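Listed features, source TrEMBL:
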DOMAIN    72-496  domain 'Major facilitator superfamily (MFS) profile'
TRANSMEM  16-37  transmembrane segment
TRANSMEM  126-143  transmembrane segment
TRANSMEM  177-196  transmembrane segment
TRANSMEM  208-231  transmembrane segment
TRANSMEM  237-255  transmembrane segment
TRANSMEM  325-344  transmembrane segment
TRANSMEM  350-372  transmembrane segment
TRANSMEM  384-402  transmembrane segment
TRANSMEM  408-431  transmembrane segment
TRANSMEM  474-491  transmembrane segment
């Protein structure tokens, strides 16, 4: 008997599980906007160098902003025109003038992150992703020590408070620091929300509730498109996606702590109270009364014994097959995340409304994730994962060589590529859970997630190569997943295979290296 069997007895798909999942989905929808906020809060409008009297140098002609907003290829001096590329460029002495028809204010227009400072825009996103990486490392260990709900509640509060403070940033440096702290909190919240969701449902129900929670991020991306379309000022937009987290913080105290964690931390009395509470909410109070400390300990015996042996990251590399699996999964996690965020973090390059592109990018997740689920069940993990990454990479590379004038074609290929990357994420997540043994499954998932953060943190920096060759970032974003797709060949298929419990099981089931 396992703890999963105990959850089935008190209602594995009952009222509590749906309420618990919904209460976790709501903040998930809100937090989904923070990683993609850069597309709107750091949008780059058309701009030009402002002169003292808004005239061309040496001319008596006066221009409105709309007249001179297009980049100047020609300038006027002494009654004759000459090519500006052939002259020495000088810094703007009177600041910049921006087209504010689409965005009233962004961090680019407020702090003039153009020309020599244009790279700071990409750097700010990498700093945010660095916070996500740091948060995964810090809040993951704190969760095991202080509990899932405690760290989840703190993370909600941190997102709300720090995100709100970000909207009042007096300088770009303070903005970056606060974004780093926001990324930390978002990472901690997502990590512990997933744990708290999964640990209160039996094995047979995890796919259902896990999928429901995963869709919260797709919904959140669609909501972001609407909110950003309504609010065109970056400070107000930042405030709009941060303040609601304070409401989530207030109701998060109702969420019950994981009974699994309480039992493993020698707090069976508290675990028992939570189990009886869940049974009562599910309308099975009588069955809840039958659960005693002895019954709980009997159902948790295997997990308690497993927790006595301490496993580390070193065990992911200790044996031949574990080493092969870990190296392959490291590549897949990092490369997929790298290409995914490289694609979605610069929506302006498609030449159409960023709000529309954001909406379409979010909507594509629904059909593609359904397709991925069917493919994983019938074609297997390797074919689905490898195929999605290969096709997505080909589409991204193709985009690098398509003229910017072909906006519809470029946008269509990008949308399909983004959807396939999302399907690949679903595949690699499931694949990782099935390849690693029970005793190292959480460690392996955490390690893979960390490598994904590294990929997402690196992705914005590649945009800096556009100065040397405009198509180079697209080529890199496409080539990386194509190369990674062939790594799948070295992994064993896990479709309809029993989950390994120990490291020895992995070596036996997967065969010799």
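Each Cβ is built from the backbone N, Cα and C atoms, and glycine gets one as well.
A contact links the transmembrane segment (237-255) to the transmembrane segment (208-231), because at least 3 Cβ pairs that are 6 or more residues apart lie under 8 A. In summary, the transmembrane segment (208-231) does not lie against the transmembrane segment (384-402): fewer than three C-beta pairs, each 6 or more positions apart in sequence, are under 8 Å. Two recorded stretches are said to be in contact when at least 3 C-beta pairs lie under 8 angstroms, sequence spacing 6 or more; the transmembrane segment (408-431) and the transmembrane segment (16-37) fall short of this definition.
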